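According to Swiss-Prot, the protein has these features:
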- 15-269: domain 'ABC transporter 1' (DOMAIN)
- 49-56, 357-364: ATP binding site (BINDING)
- 325-564: domain 'ABC transporter 2' (DOMAIN)
(Lines of atoms letter the chains of each structure in order from A and count residues from 1; the text may use other names and numbers.)
(Lines give C-alpha, C1' and ligand atoms only; values in the text may rest on other atoms or scores of the structure.)
Protein backbone atom coordinates (compact mmCIF):
# COMPACT_ATOMS: atom_id res chain seq x y z
CA UNK A 1 0.00 0.00 0.00
CA UNK A 2 1.59 3.34 -1.05
CA UNK A 3 2.01 6.00 1.62
CA UNK A 4 4.16 8.62 -0.13
CA UNK A 5 1.56 11.37 0.27
CA UNK A 6 1.60 10.91 4.05
CA UNK A 7 5.35 11.49 4.47
CA UNK A 8 7.13 14.81 4.04
CA UNK A 9 9.71 14.79 1.22
CA UNK A 10 12.62 15.19 3.69
CA UNK A 11 11.33 12.67 6.23
CA UNK A 12 12.73 9.14 6.25
CA UNK A 13 10.65 7.98 9.21
CA UNK A 14 7.34 9.04 10.72
CA UNK A 15 5.68 7.51 13.78
CA UNK A 16 2.19 8.60 14.88
CA UNK A 17 0.19 7.55 17.94
CA UNK A 18 2.26 4.46 18.69
CA UNK A 19 0.89 2.25 21.47
CA UNK A 20 2.67 -0.96 22.55
CA UNK A 21 1.48 -3.50 25.10
CA UNK A 22 3.00 -6.62 26.68
CA UNK A 23 1.00 -9.72 27.57
CA UNK A 24 1.40 -10.53 31.27
CA UNK A 25 -0.65 -13.15 33.11
CA UNK A 26 -3.51 -12.85 30.65
CA UNK A 27 -3.60 -9.06 30.73
CA UNK A 28 -2.35 -6.28 28.46
CA UNK A 29 0.22 -4.04 30.12
CA UNK A 30 0.90 -0.77 28.30
CA UNK A 31 4.62 -0.12 27.75
CA UNK A 32 4.39 2.78 25.27
CA UNK A 33 1.47 5.18 25.00
CA UNK A 34 0.73 7.58 22.15
CA UNK A 35 4.32 8.24 21.04
CA UNK A 36 4.87 10.25 17.86
CA UNK A 37 8.11 11.28 16.18
CA UNK A 38 9.59 12.32 12.85
CA UNK A 39 13.10 11.83 11.50
CA UNK A 40 14.57 13.71 8.54
CA UNK A 41 17.41 12.70 6.23
CA UNK A 42 20.75 13.49 7.82
CA UNK A 43 19.17 14.27 11.19
CA UNK A 44 19.95 12.74 14.59
CA UNK A 45 17.07 12.32 17.01
CA UNK A 46 18.11 11.34 20.54
CA UNK A 47 15.56 9.43 22.61
CA UNK A 48 16.46 9.74 26.28
CA UNK A 49 15.02 8.32 29.47
CA UNK A 50 15.80 5.85 32.22
CA UNK A 51 15.26 2.08 32.20
CA UNK A 52 11.60 1.24 31.74
CA UNK A 53 10.74 4.52 30.00
CA UNK A 54 9.89 2.70 26.75
CA UNK A 55 12.69 4.01 24.54
CA UNK A 56 14.15 0.59 23.62
CA UNK A 57 10.68 -0.92 23.20
CA UNK A 58 9.89 1.83 20.69
CA UNK A 59 13.07 1.01 18.76
CA UNK A 60 12.28 -2.71 18.69
CA UNK A 61 8.81 -1.91 17.36
CA UNK A 62 10.35 0.03 14.47
CA UNK A 63 12.52 -3.02 13.67
CA UNK A 64 9.45 -5.29 14.00
CA UNK A 65 11.28 -7.33 16.61
CA UNK A 66 8.88 -6.51 19.42
CA UNK A 67 6.68 -9.52 18.68
CA UNK A 68 9.52 -11.83 19.76
CA UNK A 69 9.32 -10.31 23.25
CA UNK A 70 5.64 -11.14 23.73
CA UNK A 71 4.44 -7.64 22.86
CA UNK A 72 2.39 -6.13 20.08
CA UNK A 73 1.68 -2.76 18.52
CA UNK A 74 -1.90 -2.02 19.54
CA UNK A 75 -2.28 1.01 17.31
CA UNK A 76 -0.28 3.66 15.53
CA UNK A 77 1.45 4.24 12.21
CA UNK A 78 5.13 3.65 11.34
CA UNK A 79 6.14 4.95 7.89
CA UNK A 80 9.64 4.34 6.48
CA UNK A 81 11.12 5.79 3.28
CA UNK A 82 13.39 3.09 1.85
CA UNK A 83 16.62 3.70 -0.05
CA UNK A 84 14.73 3.29 -3.33
CA UNK A 85 12.40 6.15 -2.17
CA UNK A 86 9.46 3.77 -1.68
CA UNK A 87 7.41 4.54 1.45
CA UNK A 88 6.16 1.54 3.41
CA UNK A 89 4.07 1.01 6.54
CA UNK A 90 6.30 -1.18 8.72
CA UNK A 91 3.44 -2.82 10.60
CA UNK A 92 1.96 -4.09 7.30
CA UNK A 93 5.12 -5.91 6.17
CA UNK A 94 5.35 -9.69 6.30
CA UNK A 95 8.28 -11.41 8.03
CA UNK A 96 9.89 -12.15 4.65
CA UNK A 97 9.55 -8.51 3.57
CA UNK A 98 11.01 -7.28 6.88
CA UNK A 99 14.07 -9.50 6.43
CA UNK A 100 14.81 -7.56 3.23
CA UNK A 101 14.16 -4.22 4.94
CA UNK A 102 16.28 -4.86 8.05
CA UNK A 103 19.92 -4.09 7.42
CA UNK A 104 19.41 -2.57 3.98
CA UNK A 105 16.91 0.19 4.87
CA UNK A 106 16.75 0.27 8.66
CA UNK A 107 19.48 -1.14 10.89
CA UNK A 108 20.02 -1.33 14.63
CA UNK A 109 23.01 -1.38 16.96
CA UNK A 110 22.21 -3.10 20.24
CA UNK A 111 23.69 -2.35 23.65
CA UNK A 112 24.96 -5.84 24.50
CA UNK A 113 27.11 -7.13 21.62
CA UNK A 114 27.82 -10.55 23.14
CA UNK A 115 24.14 -11.50 22.90
CA UNK A 116 23.85 -9.97 19.41
CA UNK A 117 26.82 -11.73 17.82
CA UNK A 118 26.73 -15.43 16.94
CA UNK A 119 29.35 -17.19 19.11
CA UNK A 120 29.97 -20.01 16.58
CA UNK A 121 30.86 -17.80 13.59
CA UNK A 122 33.89 -15.59 13.10
CA UNK A 123 33.56 -11.83 13.10
CA UNK A 124 34.40 -11.67 9.39
CA UNK A 125 31.72 -14.20 8.41
CA UNK A 126 29.04 -12.35 10.36
CA UNK A 127 29.77 -8.95 8.80
CA UNK A 128 30.19 -10.50 5.34
CA UNK A 129 26.85 -12.32 5.60
CA UNK A 130 24.93 -9.04 5.82
CA UNK A 131 26.89 -7.57 2.90
CA UNK A 132 26.26 -10.63 0.71
CA UNK A 133 22.57 -10.72 1.59
CA UNK A 134 21.78 -7.06 0.87
CA UNK A 135 24.42 -6.05 -1.69
CA UNK A 136 24.80 -9.26 -3.69
CA UNK A 137 28.58 -9.25 -3.24
CA UNK A 138 30.75 -12.33 -3.64
CA UNK A 139 32.32 -13.96 -0.60
CA UNK A 140 35.71 -12.36 -1.31
CA UNK A 141 34.19 -8.93 -1.96
CA UNK A 142 32.13 -9.16 1.22
CA UNK A 143 35.18 -10.06 3.34
CA UNK A 144 37.16 -7.18 1.81
CA UNK A 145 34.31 -4.78 2.65
CA UNK A 146 34.11 -6.28 6.16
CA UNK A 147 37.80 -5.50 6.68
CA UNK A 148 37.27 -1.94 5.45
CA UNK A 149 34.41 -1.46 7.91
CA UNK A 150 36.56 -2.77 10.79
CA UNK A 151 39.22 -0.25 9.78
CA UNK A 152 36.59 2.50 9.81
CA UNK A 153 35.58 1.73 13.39
CA UNK A 154 39.26 1.84 14.36
CA UNK A 155 39.89 -1.81 15.17
CA UNK A 156 43.63 -2.57 15.07
CA UNK A 157 44.86 -5.71 13.28
CA UNK A 158 41.56 -5.80 11.35
CA UNK A 159 42.71 -8.64 9.08
CA UNK A 160 43.42 -10.83 12.10
CA UNK A 161 40.17 -9.82 13.81
CA UNK A 162 38.17 -11.12 10.82
CA UNK A 163 39.11 -14.69 11.75
CA UNK A 164 38.39 -14.35 15.48
CA UNK A 165 35.27 -15.29 17.39
CA UNK A 166 33.27 -12.84 19.56
CA UNK A 167 34.46 -14.34 22.86
CA UNK A 168 38.06 -13.61 21.84
CA UNK A 169 37.42 -9.85 21.79
CA UNK A 170 37.00 -7.33 24.59
CA UNK A 171 33.59 -5.78 25.24
CA UNK A 172 34.57 -2.56 23.50
CA UNK A 173 35.91 -4.43 20.48
CA UNK A 174 32.69 -6.46 20.20
CA UNK A 175 30.64 -3.27 20.23
CA UNK A 176 32.73 -1.82 17.42
CA UNK A 177 32.15 -5.00 15.42
CA UNK A 178 28.39 -4.54 15.91
CA UNK A 179 28.62 -0.95 14.69
CA UNK A 180 30.63 -2.02 11.64
CA UNK A 181 28.00 -4.66 10.85
CA UNK A 182 25.09 -2.23 11.16
CA UNK A 183 26.74 0.39 8.94
CA UNK A 184 28.05 -2.04 6.32
CA UNK A 185 24.91 -1.80 4.14
CA UNK A 186 24.48 1.98 4.54
CA UNK A 187 20.85 1.97 5.74
CA UNK A 188 18.44 4.89 5.36
CA UNK A 189 17.75 4.83 9.11
CA UNK A 190 20.15 3.72 11.83
CA UNK A 191 18.78 3.01 15.31
CA UNK A 192 21.56 3.03 17.89
CA UNK A 193 20.39 1.63 21.25
CA UNK A 194 23.01 2.64 23.86
CA UNK A 195 25.82 1.83 21.36
CA UNK A 196 28.61 3.54 23.31
CA UNK A 197 27.61 2.66 26.88
CA UNK A 198 30.24 -0.10 27.13
CA UNK A 199 32.97 1.89 25.36
CA UNK A 200 35.72 3.99 26.85
CA UNK A 201 35.63 7.74 26.27
CA UNK A 202 38.19 7.90 23.47
CA UNK A 203 36.57 5.11 21.44
CA UNK A 204 33.18 6.64 22.23
CA UNK A 205 34.33 9.97 20.79
CA UNK A 206 35.50 8.28 17.61
CA UNK A 207 32.36 6.16 17.22
CA UNK A 208 30.20 9.28 17.56
CA UNK A 209 32.40 11.01 15.00
CA UNK A 210 32.20 7.99 12.69
CA UNK A 211 28.41 7.87 12.87
CA UNK A 212 28.24 11.60 12.07
CA UNK A 213 30.62 11.26 9.11
CA UNK A 214 28.75 8.29 7.61
CA UNK A 215 25.47 10.03 8.30
CA UNK A 216 26.58 13.04 6.25
CA UNK A 217 27.95 10.85 3.44
CA UNK A 218 24.73 8.83 3.11
CA UNK A 219 22.11 11.37 4.30
CA UNK A 220 21.23 8.75 6.90
CA UNK A 221 18.71 9.44 9.63
CA UNK A 222 19.87 8.35 13.09
CA UNK A 223 17.80 7.56 16.17
CA UNK A 224 20.22 7.55 19.10
CA UNK A 225 18.88 5.97 22.30
CA UNK A 226 20.91 6.79 25.39
CA UNK A 227 20.85 7.87 29.03
CA UNK A 228 24.14 9.78 28.66
CA UNK A 229 23.24 13.45 28.34
CA UNK A 230 26.83 14.31 27.41
CA UNK A 231 26.51 12.10 24.34
CA UNK A 232 23.15 13.70 23.55
CA UNK A 233 24.72 17.16 23.63
CA UNK A 234 27.47 15.98 21.31
CA UNK A 235 25.50 14.17 18.62
CA UNK A 236 21.81 15.16 18.65
CA UNK A 237 19.94 17.69 16.54
CA UNK A 238 16.63 17.08 18.32
CA UNK A 239 15.72 15.29 21.55
CA UNK A 240 12.68 13.26 22.61
CA UNK A 241 12.39 12.67 26.38
CA UNK A 242 10.43 9.58 27.48
CA UNK A 243 9.11 8.85 30.96
CA UNK A 244 6.97 5.86 31.97
CA UNK A 245 6.09 5.01 28.37
CA UNK A 246 5.16 8.51 27.24
CA UNK A 247 6.94 11.27 25.35
CA UNK A 248 6.95 14.09 27.92
CA UNK A 249 9.07 16.65 26.06
CA UNK A 250 10.57 17.17 22.62
CA UNK A 251 12.57 19.94 21.00
CA UNK A 252 15.93 20.97 19.62
CA UNK A 253 18.98 19.96 21.61
CA UNK A 254 19.52 23.59 22.61
CA UNK A 255 15.94 23.93 23.88
CA UNK A 256 16.11 20.74 25.93
CA UNK A 257 19.44 21.59 27.57
CA UNK A 258 18.98 25.31 28.13
CA UNK A 259 15.22 25.62 28.73
CA UNK A 260 13.75 22.26 29.81
CA UNK A 261 10.11 22.56 30.86
CA UNK A 262 9.18 19.13 32.21
CA UNK A 263 10.32 18.24 35.77
CA UNK A 264 11.62 14.87 34.58
CA UNK A 265 13.84 16.50 31.95
CA UNK A 266 15.20 18.82 34.62
CA UNK A 267 15.85 15.78 36.84
CA UNK A 268 17.76 13.98 34.08
CA UNK A 269 20.00 16.97 33.43
CA UNK A 270 20.67 17.57 37.13
CA UNK A 271 21.71 13.93 37.64
CA UNK A 272 24.47 14.06 35.00
CA UNK A 273 27.95 13.70 36.58
CA UNK A 274 30.13 16.58 35.37
CA UNK A 275 33.86 16.18 34.88
CA UNK A 276 35.51 18.89 36.97
CA UNK A 277 32.77 18.97 39.61
CA UNK A 278 35.28 17.68 42.19
CA UNK A 279 37.77 20.50 41.63
CA UNK A 280 39.08 21.64 44.99
CA UNK A 281 38.01 18.46 46.81
CA UNK A 282 40.54 15.78 47.76
CA UNK A 283 38.20 13.09 49.12
CA UNK A 284 35.42 11.14 47.38
CA UNK A 285 31.95 12.70 47.57
CA UNK A 286 28.45 11.31 47.25
CA UNK A 287 26.39 12.18 44.19
CA UNK A 288 23.65 14.77 44.82
CA UNK A 289 20.55 12.70 44.09
CA UNK A 290 17.21 14.24 43.20
CA UNK A 291 13.80 12.89 42.33
CA UNK A 292 11.37 13.73 39.54
CA UNK A 293 8.75 14.59 42.17
CA UNK A 294 11.05 16.91 44.12
CA UNK A 295 13.65 18.19 41.63
CA UNK A 296 15.03 20.73 44.08
CA UNK A 297 15.78 18.19 46.84
CA UNK A 298 19.48 17.31 47.12
CA UNK A 299 21.13 14.84 49.44
CA UNK A 300 23.67 16.22 51.86
CA UNK A 301 27.35 15.88 51.06
CA UNK A 302 29.46 13.79 53.42
CA UNK A 303 33.24 13.84 53.18
CA UNK A 304 35.26 11.53 55.38
CA UNK A 305 38.76 10.15 54.95
CA UNK A 306 38.33 6.38 55.08
CA UNK A 307 41.92 5.41 54.20
CA UNK A 308 43.75 3.58 57.00
CA UNK A 309 47.45 4.47 57.17
CA UNK A 310 49.99 1.70 57.66
CA UNK A 311 50.62 -1.41 55.60
CA UNK A 312 48.78 -1.82 52.27
CA UNK A 313 46.10 -4.51 52.17
CA UNK A 314 47.10 -5.36 48.58
CA UNK A 315 50.48 -5.05 46.85
CA UNK A 316 51.17 -5.78 43.19
CA UNK A 317 54.76 -5.98 41.95
CA UNK A 318 55.85 -6.40 38.32
CA UNK A 319 52.65 -8.15 37.19
CA UNK A 320 52.78 -9.59 33.65
CA UNK A 321 49.84 -11.38 32.00
CA UNK A 322 49.93 -12.63 28.41
CA UNK A 323 47.61 -14.76 26.30
CA UNK A 324 48.86 -17.13 23.56
CA UNK A 325 47.56 -16.98 19.99
CA UNK A 326 47.79 -20.15 17.93
CA UNK A 327 47.99 -20.50 14.15
CA UNK A 328 49.33 -22.73 11.41
CA UNK A 329 48.84 -26.36 10.50
CA UNK A 330 50.02 -27.63 13.89
CA UNK A 331 48.15 -24.98 15.91
CA UNK A 332 51.34 -23.70 17.50
CA UNK A 333 51.69 -20.57 19.58
CA UNK A 334 53.12 -17.96 17.22
CA UNK A 335 52.05 -14.69 18.85
CA UNK A 336 50.97 -13.41 22.24
CA UNK A 337 48.63 -10.71 23.52
CA UNK A 338 50.60 -8.60 26.00
CA UNK A 339 47.57 -7.78 28.16
CA UNK A 340 49.37 -6.59 31.31
CA UNK A 341 53.03 -5.56 31.26
CA UNK A 342 55.05 -5.05 34.42
CA UNK A 343 52.61 -3.03 36.52
CA UNK A 344 52.99 -2.29 40.23
CA UNK A 345 50.71 -0.56 42.72
CA UNK A 346 49.48 -0.66 46.33
CA UNK A 347 45.98 -0.51 47.78
CA UNK A 348 45.34 0.59 51.38
CA UNK A 349 42.39 -0.40 53.62
CA UNK A 350 39.45 1.94 53.08
CA UNK A 351 40.92 3.32 49.85
CA UNK A 352 39.50 3.42 46.33
CA UNK A 353 42.09 3.06 43.57
CA UNK A 354 40.60 3.43 40.10
CA UNK A 355 42.08 1.82 37.00
CA UNK A 356 41.12 3.75 33.87
CA UNK A 357 41.97 3.33 30.22
CA UNK A 358 40.64 2.35 26.84
CA UNK A 359 39.22 -1.03 25.91
CA UNK A 360 42.14 -3.42 25.64
CA UNK A 361 44.34 -1.40 28.00
CA UNK A 362 44.58 -4.32 30.42
CA UNK A 363 42.55 -2.95 33.31
CA UNK A 364 39.99 -5.80 33.42
CA UNK A 365 42.74 -8.39 32.95
CA UNK A 366 44.51 -6.87 35.94
CA UNK A 367 41.39 -7.37 38.05
CA UNK A 368 41.00 -10.97 36.89
CA UNK A 369 44.67 -11.67 37.58
CA UNK A 370 44.27 -10.41 41.15
CA UNK A 371 41.31 -12.77 41.57
CA UNK A 372 43.37 -15.59 40.04
CA UNK A 373 40.75 -16.02 37.32
CA UNK A 374 43.63 -15.77 34.84
CA UNK A 375 47.18 -16.81 35.63
CA UNK A 376 50.02 -14.30 35.49
CA UNK A 377 53.26 -14.88 33.62
CA UNK A 378 55.35 -13.23 36.31
CA UNK A 379 55.16 -10.80 39.20
CA UNK A 380 53.93 -10.88 42.78
CA UNK A 381 50.47 -10.39 44.29
CA UNK A 382 50.64 -9.87 48.05
CA UNK A 383 47.41 -9.74 50.04
CA UNK A 384 47.47 -8.83 53.73
CA UNK A 385 51.17 -9.65 53.89
CA UNK A 386 50.84 -13.06 52.18
CA UNK A 387 51.86 -13.82 48.61
CA UNK A 388 48.83 -15.34 46.83
CA UNK A 389 49.92 -15.69 43.20
CA UNK A 390 51.77 -18.94 43.99
CA UNK A 391 49.12 -20.54 46.21
CA UNK A 392 47.34 -23.72 45.16
CA UNK A 393 43.57 -23.64 44.63
CA UNK A 394 43.01 -25.31 47.99
CA UNK A 395 45.12 -22.81 49.91
CA UNK A 396 43.64 -19.90 47.97
CA UNK A 397 40.06 -20.81 48.89
CA UNK A 398 40.04 -19.28 52.42
CA UNK A 399 41.53 -16.04 51.05
CA UNK A 400 38.71 -15.66 48.52
CA UNK A 401 36.51 -14.66 51.45
CA UNK A 402 38.49 -11.44 51.71
CA UNK A 403 38.62 -10.52 47.99
CA UNK A 404 35.27 -10.28 46.23
CA UNK A 405 34.21 -8.90 42.85
CA UNK A 406 31.34 -7.04 41.19
CA UNK A 407 31.10 -7.38 37.41
CA UNK A 408 29.58 -5.13 34.75
CA UNK A 409 26.59 -7.27 33.81
CA UNK A 410 24.59 -8.20 36.93
CA UNK A 411 22.20 -10.42 34.98
CA UNK A 412 25.07 -12.60 33.75
CA UNK A 413 26.49 -12.73 37.28
CA UNK A 414 23.33 -14.23 38.83
CA UNK A 415 21.97 -17.72 38.20
CA UNK A 416 18.58 -17.18 36.50
CA UNK A 417 17.32 -20.53 37.88
CA UNK A 418 17.92 -19.62 41.51
CA UNK A 419 16.27 -17.05 43.76
CA UNK A 420 18.40 -14.07 44.68
CA UNK A 421 18.34 -15.23 48.30
CA UNK A 422 19.97 -18.50 47.24
CA UNK A 423 22.63 -16.63 45.24
CA UNK A 424 23.46 -14.33 48.18
CA UNK A 425 23.55 -17.28 50.60
CA UNK A 426 25.77 -19.42 48.36
CA UNK A 427 29.14 -17.89 49.47
CA UNK A 428 28.14 -18.49 53.11
CA UNK A 429 27.49 -22.18 52.42
CA UNK A 430 30.68 -22.63 50.40
CA UNK A 431 32.81 -21.23 53.21
CA UNK A 432 30.81 -22.90 55.98
CA UNK A 433 29.84 -19.61 57.61
CA UNK A 434 26.14 -20.08 58.07
CA UNK A 435 23.13 -22.25 57.37
CA UNK A 436 19.44 -22.27 58.15
CA UNK A 437 18.00 -19.36 60.11
CA UNK A 438 21.38 -17.70 60.66
CA UNK A 439 22.08 -17.56 56.92
CA UNK A 440 18.53 -16.39 56.16
CA UNK A 441 18.88 -13.56 58.68
CA UNK A 442 22.21 -12.60 57.14
CA UNK A 443 20.62 -12.50 53.66
CA UNK A 444 17.75 -10.34 54.94
CA UNK A 445 20.22 -7.93 56.56
CA UNK A 446 22.32 -7.73 53.38
CA UNK A 447 19.27 -6.99 51.21
CA UNK A 448 18.19 -4.21 53.56
CA UNK A 449 21.73 -2.84 53.62
CA UNK A 450 21.77 -2.40 49.83
CA UNK A 451 18.34 -0.76 49.77
CA UNK A 452 16.12 -3.77 49.03
CA UNK A 453 13.52 -5.60 51.12
CA UNK A 454 14.01 -8.99 52.86
CA UNK A 455 11.06 -10.49 50.95
CA UNK A 456 12.97 -9.90 47.69
CA UNK A 457 15.05 -12.97 48.61
CA UNK A 458 12.33 -15.18 47.13
CA UNK A 459 12.32 -13.50 43.73
CA UNK A 460 14.35 -14.37 40.63
CA UNK A 461 16.86 -12.09 38.83
CA UNK A 462 14.58 -11.37 35.86
CA UNK A 463 12.03 -9.80 38.22
CA UNK A 464 14.37 -6.91 39.05
CA UNK A 465 15.60 -3.83 37.18
CA UNK A 466 19.26 -3.47 36.19
CA UNK A 467 20.02 -1.23 39.16
CA UNK A 468 18.31 -3.63 41.58
CA UNK A 469 20.25 -6.58 40.15
CA UNK A 470 23.51 -4.70 40.67
CA UNK A 471 22.50 -4.08 44.29
CA UNK A 472 21.95 -7.84 44.66
CA UNK A 473 25.44 -8.49 43.29
CA UNK A 474 26.83 -6.03 45.84
CA UNK A 475 24.93 -7.84 48.62
CA UNK A 476 26.44 -11.13 47.48
CA UNK A 477 29.92 -9.60 47.44
CA UNK A 478 29.37 -8.29 50.99
CA UNK A 479 28.16 -11.64 52.35
CA UNK A 480 31.63 -12.71 53.52
CA UNK A 481 32.70 -9.32 54.94
CA UNK A 482 35.51 -8.85 52.38
CA UNK A 483 38.46 -6.54 52.87
CA UNK A 484 38.82 -5.80 49.12
CA UNK A 485 36.19 -5.58 46.38
CA UNK A 486 37.21 -5.46 42.72
CA UNK A 487 34.46 -3.59 40.84
CA UNK A 488 34.89 -4.14 37.09
CA UNK A 489 32.73 -1.60 35.21
CA UNK A 490 30.14 -2.09 37.95
CA UNK A 491 28.02 0.96 37.04
CA UNK A 492 28.83 1.64 33.38
CA UNK A 493 25.59 0.19 31.98
CA UNK A 494 23.28 1.83 34.53
CA UNK A 495 21.12 4.94 34.16
CA UNK A 496 22.61 8.16 35.52
CA UNK A 497 20.38 8.33 38.60
CA UNK A 498 20.78 4.61 39.37
CA UNK A 499 24.53 4.97 38.83
CA UNK A 500 24.63 7.73 41.42
CA UNK A 501 22.67 5.59 43.89
CA UNK A 502 25.09 2.64 43.48
CA UNK A 503 28.16 4.87 43.86
CA UNK A 504 26.67 6.41 47.01
CA UNK A 505 25.99 2.92 48.35
CA UNK A 506 29.61 1.87 47.71
CA UNK A 507 30.87 4.99 49.49
CA UNK A 508 28.56 4.36 52.46
CA UNK A 509 29.75 0.75 52.75
CA UNK A 510 33.37 1.87 52.56
CA UNK A 511 32.82 4.37 55.34
CA UNK A 512 31.06 1.81 57.56
CA UNK A 513 33.15 -1.30 56.86
CA UNK A 514 36.53 0.02 55.75
CA UNK A 515 36.39 -1.85 52.43
CA UNK A 516 39.09 -1.14 49.85
CA UNK A 517 37.94 -0.89 46.22
CA UNK A 518 39.83 -1.49 43.02
CA UNK A 519 37.41 0.40 40.77
CA UNK A 520 37.83 -0.44 37.08
CA UNK A 521 36.03 2.00 34.79
CA UNK A 522 36.14 4.08 31.63
CA UNK A 523 33.69 6.69 33.00
CA UNK A 524 35.99 9.53 34.00
CA UNK A 525 33.26 11.58 35.72
CA UNK A 526 32.36 8.64 37.98
CA UNK A 527 36.04 7.87 38.62
CA UNK A 528 36.58 11.48 39.67
CA UNK A 529 33.75 11.16 42.20
CA UNK A 530 34.63 7.87 43.89
CA UNK A 531 38.45 7.72 43.84
CA UNK A 532 41.18 8.47 46.32
CA UNK A 533 43.85 7.60 43.74
CA UNK A 534 43.85 6.90 40.00
CA UNK A 535 46.07 4.75 37.78
CA UNK A 536 45.88 5.31 34.01
CA UNK A 537 46.61 2.24 31.85
CA UNK A 538 47.65 2.19 28.20
CA UNK A 539 48.54 -1.00 26.29
CA UNK A 540 48.96 -2.97 29.50
CA UNK A 541 51.18 -0.46 31.28
CA UNK A 542 50.51 2.19 33.92
CA UNK A 543 51.45 5.55 32.41
CA UNK A 544 50.26 7.84 35.22
CA UNK A 545 49.30 7.24 38.83
CA UNK A 546 48.63 9.49 41.76
CA UNK A 547 46.05 11.18 43.98
CA UNK A 548 42.80 11.70 42.12
CA UNK A 549 42.93 15.46 42.51
CA UNK A 550 46.47 15.66 41.10
CA UNK A 551 45.74 13.40 38.11
CA UNK A 552 42.46 15.12 37.19
CA UNK A 553 43.44 18.73 37.86
CA UNK A 554 47.01 18.48 36.56
CA UNK A 555 47.32 15.51 34.16
CA UNK A 556 50.93 15.08 33.10
CA UNK A 557 50.89 12.28 30.53
CA UNK A 558 49.57 13.05 27.01
CA UNK A 559 47.40 9.92 27.08
CA UNK A 560 45.73 11.05 30.31
CA UNK A 561 45.03 14.42 28.69
CA UNK A 562 43.50 12.64 25.68
CA UNK A 563 41.19 10.68 27.97
CA UNK A 564 40.08 13.90 29.66
CA UNK A 565 39.54 15.71 26.36
CA UNK A 566 37.35 12.90 25.02
CA UNK A 567 34.81 13.04 27.88
CA UNK A 568 31.41 14.27 26.60
CA UNK A 569 30.17 17.50 28.18
CA UNK A 570 26.43 17.91 28.74
CA UNK A 571 26.24 21.35 27.14
CA UNK A 572 25.76 21.59 23.35
CA UNK A 573 26.77 25.27 23.14
CA UNK A 574 30.06 24.82 25.02
CA UNK A 575 30.85 21.38 23.79
CA UNK A 576 30.84 21.33 20.01
CA UNK A 577 33.55 23.98 19.38
CA UNK A 578 36.01 22.57 21.92
CA UNK A 579 35.50 18.91 21.13
CA UNK A 580 38.75 16.98 20.64
CA UNK A 581 38.28 14.08 18.26
CA UNK A 582 41.00 11.49 18.14
CA UNK A 583 42.21 10.02 14.88
CA UNK A 584 45.39 8.21 15.93
CA UNK A 585 45.55 4.48 15.38
CA UNK A 586 45.66 2.32 18.48
CA UNK A 587 48.93 0.36 18.41
CA UNK A 588 48.43 -3.38 18.68
CA UNK A 589 49.37 -5.23 21.84
CA UNK A 590 49.85 -8.46 19.86
CA UNK A 591 53.52 -9.43 19.54
CA UNK A 592 55.53 -12.31 18.14
CA UNK A 593 56.29 -15.03 20.62
CA UNK A 594 59.37 -14.13 22.64
CA UNK A 595 59.17 -10.45 21.74
CA UNK A 596 59.32 -8.15 24.75
CA UNK A 597 57.43 -4.89 25.25
CA UNK A 598 59.75 -1.93 25.92
CA UNK A 599 59.48 -0.98 29.57
CA UNK A 600 58.50 2.41 30.92
CA UNK A 601 59.73 3.97 34.13
CA UNK A 602 57.44 5.90 36.46
CA UNK A 603 58.98 9.13 37.71
CA UNK A 604 57.80 11.18 40.67
CA UNK A 605 56.41 14.58 39.59
CA UNK A 606 54.50 15.53 42.76
CA UNK A 607 53.45 14.10 46.13
CA UNK A 608 52.49 10.51 45.30
CA UNK A 609 52.08 11.50 41.62
CA UNK A 610 53.98 9.36 39.11
CA UNK A 611 54.13 9.64 35.32
CA UNK A 612 55.73 7.36 32.72
CA UNK A 613 58.72 8.59 30.76
CA UNK A 614 58.59 6.33 27.71
CA UNK A 615 61.55 5.00 25.82
CA UNK A 616 62.05 6.39 22.34
CA UNK A 617 60.87 3.23 20.54
CA UNK A 618 57.85 2.69 22.77
CA UNK A 619 54.31 3.31 21.49
CA UNK A 620 53.84 5.78 24.33
CA UNK A 621 56.37 8.14 22.79
CA UNK A 622 54.05 8.67 19.83
CA UNK A 623 51.18 10.01 21.94
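Cβ atoms are placed via backbone N, Cα and C, with glycine included.
Known features from Swiss-Prot, placed on the structure.
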| residue | record | Cβ neighbours (10 Å) |
| --- | --- | --- |
| 49 | ATP binding site | 26 |
| 51 | ATP binding site | 16 |
| 53 | ATP binding site | 25 |
| 55 | ATP binding site | 27 |
| 357 | ATP binding site | 27 |
| 359 | ATP binding site | 22 |
| 361 | ATP binding site | 28 |
| 363 | ATP binding site | 29 |
On the 0 to 100 pLDDT scale, where does the domain 'ABC transporter 2' (325-564) sit on average?
89
Under DSSP, is residue 361 (ATP binding site) helix, strand or coil?
coil
